[in-house]
């Protein structure tokens, strides 16, 4: 019984891939699993003409600075309007 329990624990850990499982938004509705080395989620503003802008949602290792940007390190945290 102990062997079965140990096997289930090992299989669970392998399936979860604990070392690389951060999930971030890649658009307003789509999500992605971040590649190795990218340990933060980010939403940053890209300026257009006449003072308008749009947001880029992505995984990153280094976040952009800016008043409207979000940089965080927990799953699906880059959709909010505040950093976390």
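Cβ from N, Cα, C; glycine included.
Noted in Swiss-Prot for the protein shown:
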type	residues	note
SIGNAL	1-21	signal peptide
DISULFID	24-41	disulfide bond
DISULFID	34-59	disulfide bond
BINDING	50	Zn(2+) binding site
SITE	58	site 'Contributes to dimerization'
SITE	61	site 'Contributes to dimerization'
DISULFID	63-71	disulfide bond
SITE	64	site 'Contributes to dimerization'
DISULFID	72-77	disulfide bond
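Sequence features, as recorded in Swiss-Prot, placed on the structure.
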{"residue": "24", "record": "disulfide bond", "contacts (Cβ under 8 Å, 6+ apart)": "31, 32, 34, 41, 42, 57, 58, 59, 75, 76, 77, 78"}
{"residue": "50", "record": "Zn(2+) binding site", "contacts (Cβ under 8 Å, 6+ apart)": "none"}
{"residue": "61", "record": "site 'Contributes to dimerization'", "contacts (Cβ under 8 Å, 6+ apart)": "37, 38, 39, 40"}
{"residue": "63", "record": "disulfide bond", "contacts (Cβ under 8 Å, 6+ apart)": "40, 42, 44, 69, 71"}
{"residue": "64", "record": "site 'Contributes to dimerization'", "contacts (Cβ under 8 Å, 6+ apart)": "42, 44, 71"}
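When other Cβ atoms within 10 Å of the Cβ of residue 77 (disulfide bond) are tallied across all protein chains shown, the result is 21. In three-state terms derived from DSSP, residue 58 (site 'Contributes to dimerization') belongs to an extended strand segment.
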